[in-house]
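Trainee: The following block contains the structure, expressed as structure tokens.
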Amino acid sequence: MNYLPQQDPQVFAAIEQERKRQHAKIELIASENFVSRAVMEAQGSVLTNKYAEGYPGRRYYGGCEYVDIVEDLARERAKQLFGAEHVNVQPHSGAQANMAVYFTVLEHGDTVLGMNLSHGGHLTHGSPVNFSGIQYNFVEYGVDPETHVIDYDDVREKARLHRPKLIVAGASAYPRIIDFAKFREIADEVGAYLMVDMAHIAGLVAAGVHPNPVPYAHFVTTTTHKTLRGPRGGMILCQEQFAKQIDKAIFPGIQGGPLMHVIAAKAVALGEALQDDFKVYAKRVVENAKRLAAALQNEGFTLISGGTDNHLLLVDLRPQQLTGKTAEKVLDEVGITVNKNTIPYDPESPFVTSGIRIGTAAVTTRGFGLEEMDEIAAIIGLVLKNVGSEQALEEARQRVAALTEKFPLYQD
């Protein structure tokens with residue numbers, strides 16, 4: 001940064017402190033990652049100046065010939081990555097991508113079947129405090145109380161009973177592979193559309209280390225950050241028959257001008273995801289998650305569903321008589337960032353919770369491997385088994401610092 005320190009030292013200071021925080025702490029929040037310098041450079045480019053309402057070749061402003069190139073690159077790269085017939089890269093977020101699908105196929109009050117938020121779903125899958133739960137009649141499905149795996153018999157039974165117009169698959173805190181073929185089978189049985197929200201697993205899908213929902217779903221939504229390792233934003237993939245409706249739902253339906261600098265960053269990230277080294281990265285993300293899960297179990301922690309198939313895991317802290325809120329706070333004090341998270345059938349409120357959610361996408365980007373997963377689990381065990389012990393916390397801080405110094409981040 002050459003201009004910001006002089007132009008606005010207060011904003012620069014806050015950004016610099018955040019850069020130092022990201023370097024000094026171990027990032028285990030499952031929805032976060034570290035983008036490349038190229039992605040950041042694209043997002044900070046002159047494209048931030050350009051208004052471009054509409055779509056490539058059909059804009060409502062002049063001077064769009066170069067941003068058209070950028071948006072076409074993003075769309076074509078996404079099609080290639082996921083095997084989609086049509087892609088819209090303009091959604092500002094995953095929530096707006098979901099909203100656009102709802103506006104495409106639903107009317108106010110229509111019935112939708114979605115995953116219970118406390119069982120691993122998302123706010124936009126029907127939470128009563130979200131527009132989705134306010135605008136539509138959401139019926140919830142969840143996980144088996146014993147296995148904590150999606151109960152597909154329950155999904156089928158509720159689909160038959162309520163005859164939803166749309167079924168939503170996908171989650172924000174579900175550590176197992178979702179059977180997309182089973183969901184499509186159920187949707188076809190009751191005449192429903194199927195939407196898959198793959199925001200958390202998109203990078204794993206792109207790399208071929210997780211099943212691809214595109215062949216099964218009428219609509220697939222995603223964020224472009226998380227495991228896809230791009231800028232914060234959204235994207236919709238759909239069958240060609242819905243292309244015009246989806247594009248119209250985004251613009252002029254729920255958005256005006258697209259963020260062309262962000263779309264440029266999406267194009268860069270999608271280009272990165274097409275490379276062989278991204279496939280290696282995604283494979284390591286899953287390997288690290290499985291290793292971390294096993295190491296935490298060796299430390300005596302209980303994992304929801306007994307482990308993980310993707311990049312995230314949920315830890316049930318009730319055996320340790322801890323809340324997620326307490327664990328999040330004390331781990332942050334030693335330099336490990338996680339988030340408190342509800343677990344299935346959680347007796348605590350969403351502001352307290354009985355669990356924490358942990359992900360390996362960011363630490364894998366940083367270069368952490370299997371040995372580091374063992375050490376992270378040991379540090380978490382040290383801290384959560386000795387809450388209130390300053391000696392234990394100080395030891396944990398030193399061990400965290402040793403790891404972060406070994407794998408520097410954004411230091412040049």
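Every residue, even glycine, has its Cβ placed from backbone N, Cα and C.
The (6S)-5,6,7,8-tetrahydrofolate binding site annotation in Swiss-Prot covers Leu117, Gly121, His122, Leu123, Ser349, Pro350, Phe351. Look at Swiss-Prot and you will find Lys226 tagged as N6-(pyridoxal phosphate)lysine, backed by sequence analysis. Residues or ranges marked as site 'Plays an important role in substrate specificity' by Swiss-Prot: His225.
Buried or exposed, and what's around them? Tell me for each listed feature.
Mentor: Secondary structure at His122 ((6S)-5,6,7,8-tetrahydrofolate binding site), as computed by DSSP, is coil. Cβ neighbours within 10 Å of His122 ((6S)-5,6,7,8-tetrahydrofolate binding site), excluding its own Cβ and spanning all shown chains: 24.
Note: Lys226 (N6-(pyridoxal phosphate)lysine) has non-local neighbours Ala30, Ser31, Glu32, Asn33, Ala199, His200, Ala202, Gly203, Ala361, i.e. same-chain residues 6+ apart with C-beta under 8 A of its own C-beta. DSSP classifies Lys226 (N6-(pyridoxal phosphate)lysine) as helix under the three-state reduction.
Just so you know, the Cβ of His225 (site 'Plays an important role in substrate specificity') picks up 26 other Cβ atoms within 10 Å once every protein chain is counted.
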Trainee: Measuring Cα to Cα, how many Å separate Phe351 ((6S)-5,6,7,8-tetrahydrofolate binding site) from His225 (site 'Plays an important role in substrate specificity')?
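Mentor: A Cα-Cα distance of 25 Å.
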Trainee: Gly121, Pro350: which of these binding-site residues has the highest Cβ count within 10 Å of its own Cβ?
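Mentor: The most densely surrounded of these binding-site residues is Gly121.
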Trainee: For Leu123 ((6S)-5,6,7,8-tetrahydrofolate binding site), which residues in the same chain are close in space, meaning a Cβ under 8 Å from its Cβ, but six or more apart along the sequence?
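Mentor: In sequence order, the residues whose Cβ lies under 8 Å from that of Leu123 ((6S)-5,6,7,8-tetrahydrofolate binding site) (at least 6 apart) are Ala95, Leu117, Val129, Asn130, Ser132.
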Trainee: Quick one: give me the count of other CB atoms within 10 A of the CB of Leu117 ((6S)-5,6,7,8-tetrahydrofolate binding site).
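Mentor: There are 24 of them.
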Trainee: If you measure Gly121 ((6S)-5,6,7,8-tetrahydrofolate binding site) to His225 (site 'Plays an important role in substrate specificity') at Cα, how many Å is it?
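Mentor: So the alpha carbons of Gly121 ((6S)-5,6,7,8-tetrahydrofolate binding site) and His225 (site 'Plays an important role in substrate specificity') sit roughly 18 Å from each other.
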